[in-house]
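Colleague: This is the structure I want to talk about, given as structure tokens.
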Amino acid sequence: PRVCVVGSGPAGFYTAQHILKHHGGAQVDIYEKLPVPFGLVRFGVAPDHPEVKNVINGFTQTARSQRCAFYGNVTVGRDILVAELQKAYHAVVLSYGAEDNRTLGIPGENLSGVYSAREFVGWYNGVPENRGLKPDLSCETAVILGHGNVALDIARVLLAPLSLLRKTDITEGSLAALACSKVKRVWLVGRRGPLQVAFTIKELREMINLPGTRPVLNPADFTGLEGAVKDAPRPRKRLTELLLKTALEKAGEEAVGAEAAAPRQWGLKFQRSPQEVLPSPDGTRARGVRVALTRLQGSGDSAKAIPTGEVEELECGLVLSSIGYRSLPLEPALPFDSQRGIIPNSSGRVLGVPGLYCSGWVKRGPTGVIITTMNDSFDTAQSVLEDLQGGKLDLSSSREGFGAVESILHSRGVRPVSFSDWEKIDAAEVERGKAAGKPREKIVDPQEMLQLIGH
């Protein structure tokens, strides 16, 4: 059987890995629109979290397998259509992730100085389309809307000592911009309370221990939480206890030269819902955010934030919206639930289209970490294997796989990038990094990548 996977992030690679491991005859081809593989492992994981990127070693083993091939620089939906892939393969798995972001839907969100977390992370992580972002870091205060791990990643990158960032694979351009940054205060604003934050304890602890930086938490925000958290699941309980301890400890230290020891600060603001990004007097850029104060209705994860009628203005020159990523439909004709931003499916089988599958964020929504995606992808791969073994996929007709696709791409002037081409780009990046004492210096221009491999 010939299977193709669209997207080479964790979802794509884990799906391929599981099929290859459990079917001795399957051939899996992975298509990717960029010339480089690994999706959010390369472009989403924070530069100072290199250990999270170790999954790349396993993905590399998969890509080097005799029964697996990687074709980069091919945009499915433009260079080749899903229907054309379905003619060439017995099964097609869509694992292309979430390449858009949720918008705030409030006045002023298009002002200069307002960025989505997705484009800001893309900028410091070397996503080609975000390389020209040039965020304005000339203000002292930044506001991040959102209480998830991505929000903490951004706060950490904005406040981390340069000596720490210099040893990472953060891009040259963003490092230079951060070296001139005036930002020294970051507020993370969320609609709900401390019991509803979406970040994890590891990320919080890192932020609390960031050198030269101190947390500013208001002890009043945590009143009565000890009781409320007693029966909470262990991760939530530990997280809340750490927030509480930090709020109370830091309150006691305030007087004792904290400013001198830690010139930079960050804090969490709860129960505040963004209403408007306020424009500067000339109307061109952001000067603050107006937030509605909220009260919580219900408890735990299902608590809803209801506006109280009171508002507050937070002054800042930089606004980052970190309220989630969003998947987009690949082609107008394919099933897509635009309300939920996913492909309608049952265990990864796309509803109403036999032989079409999906895995990862486009299957279940943009949540969870790499391990969540791994389990989710194995679930989809299992569906493919069951359908292969149960005769649901017609294996009597031979499919040409890449052979058929190659001639179509050739006729459209598209030249795919192979995995060994990627390994040349990889080697060049590592070599450039060495000179600067970094693990790698990412190439951010696709044209430069293609030139390097003689395309």
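Yeah, the Cβs are placed from backbone N, Cα and C, and that goes for glycine too.
Taken from TrEMBL, the feature domain 'FAD/NAD(P)-binding' covers 2-158. If you look up TrEMBL, you'll see ALA11, GLU32, LEU40, VAL76, TRP361, GLY368, VAL369, ILE370 marked as FAD binding site. Annotation comment: TrEMBL describes HIS147, GLY148, ASN149, VAL150, ARG191, ARG192, GLU203, GLY368 as NADP(+) binding site.
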Colleague: Specify the nearest of the binding-site residues GLU32, TRP361, VAL369, ILE370 to GLU203 (NADP(+) binding site), where nearness means the distance between Cα atoms.
Modeller: VAL369
Colleague: So of LEU40, VAL76, VAL150, VAL369, ILE370, which of the binding-site residues has the fewest other Cβ atoms within 10 Å around its own Cβ?
Modeller: VAL369
Colleague: Could you say which of the binding-site residues HIS147, ARG192 has its Cβ with the most other Cβ atoms inside 10 Å?
Modeller: HIS147
Colleague: Can you tell which of the binding-site residues (GLY148, GLY368) has the fewest other C-beta atoms within 10 angstroms of its C-beta?
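Modeller: Among the binding-site residues GLY148, GLY368, the sparsest Cβ neighbourhood within 10 Å belongs to GLY368.
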Colleague: Just to verify: the residue among GLU32, GLU203 with the fewest other Cβ atoms within 10 Å, which of the binding-site residues is it?
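Modeller: The binding-site residues GLU32, GLU203 were compared, and GLU203 has the fewest Cβ atoms within 10 Å.
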Colleague: Would you mind giving the whole-number mean pLDDT across the domain 'FAD/NAD(P)-binding' (2-158)?
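Modeller: Over the domain 'FAD/NAD(P)-binding' (2-158), the predicted model scores a mean pLDDT of 97.
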Colleague: Check each residue in the chain of ALA11 (FAD binding site) that is at least six apart in sequence and keep those whose C-beta is under 8 Å from its C-beta; list them in sequence order.
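Modeller: For ALA11 (FAD binding site), the qualifying residues are GLY39, SER95, GLY97, SER359, GLY360, TRP361, VAL362, LYS363, THR373, ASP376, SER377.
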Colleague: Just give me the nearest neighbour of GLY148 (NADP(+) binding site) among the binding-site residues GLU32, LEU40, VAL76, GLY368, Cα to Cα.
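Modeller: Answer for the nearest of the binding-site residues: GLY368.
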Colleague: How many other Cβ atoms sit within 10 Å of the Cβ of TRP361 (FAD binding site)?
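Modeller: Here the count is 29.
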